[in-house]
């Protein structure tokens, strides 16, 4: 049967502003979202046996309808009206519940792959519409570019001028619930109205916009996040920030040599998940 293997990249947030709580329980956000080359691997195979099947083998990642990748494939099957089966094998390299968007990226990759395998011809815009019904970050991964994300994350504007930075990703091997972080967030007032530039020429420009309104919530419960930020800066990072709802922290570096040296230094003195990666631009 026809099969396709694709990479599903993680993301970091160079910026995450929580603007206000919405009547529907979600929050209006303003984010700068950047894909990185830490990737899960997704193999999608068409099958004679109807229905969707997901296998992963990673603790904490469900295989059935609770898996967002399963729901992505099922949504496109329902749209297509076809009776074919879809088998999805996920090799997880992105830490789970880490603020890196691994599940959302898997779902977006399944949308793109199933659309291609079944020859549905759905546009990126239509796939993004399907994606937002699955999760707020899914449209960004379908979009496939560095972006300013607004609304709940589904209103996307491409940021084309981004330097090819290197990052060191550090995860303390603690899962954090995104729902808990947002429930614990204490909004102090309306957004102050500052603007975000759309052009970044170097690492200093990116460091100038680093901010995450969720960081104080997560760091209060998991102080190790603050320790990781300090370790990254001490290892030479131009800036460091928690990604998404955490607990993963990233440090920004201007060169591969600096990033790999810092990653090795932190790996040698901790039992954390540490990796040097490129920003995908």
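For all residues, glycine too, the Cβ spot is worked out from N, Cα and C.
Counting only same-chain residues at least 6 apart in sequence, those with a Cβ under 8 Å from the Cβ of residue 11 (active site) are 33, 34, 35, 36, 100, 101, 105, 137, 140, 141, 243, 244. Feature annotation from Swiss-Prot assigns active site to 11 (among others); the stated evidence is sequence analysis.
Per Swiss-Prot, active site is recorded for 137 (among others).
According to Swiss-Prot, the feature ATP binding site maps to 95, 96, 97, 98, 99, 100, 101, 102, 103, 104, 105, an assignment based on sequence analysis. Annotation note: residue 97 (ATP binding site) sits in a coil segment as assigned by DSSP. Listed in sequence order, the residues of the same chain lying 6 or more apart from residue 97 (ATP binding site) and placing their CB within less than 8 Å of its CB are 60, 175, 176, 177, 178.
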| query | Does DSSP put residue 137 (active site) in a helix, in a strand, or in coil? | reply | coil
| request: Other than 95, 96, 97, 98, 99, 100, 101, 102, 103, 104, 105, which residues of the same chain sit close to ATP? List them in sequence order, counting a residue when its Cβ is within 8 Å of the Cβ centroid of the site. | output: 10, 94, 244
| What are the non-local neighbours of residue 99 (ATP binding site), defined as same-chain residues 6+ apart in sequence with CB under 8 A from its CB? | 13, 176, 178, 242, 243, 244, 245, 246, 247, 248
| note | Out of the binding-site residues 95, 101, the residue with the smallest number of other Cβ atoms within 10 Å is 95
| field | Set of same-chain residues at least 6 away whose C-beta sits under 8 angstroms from residue 103 (ATP binding site) | value | 67, 68, 69, 96, 135
| query | Hey, what's the Cβ neighbour count for residue 105 (ATP binding site) at 10 Å? | reply | 28
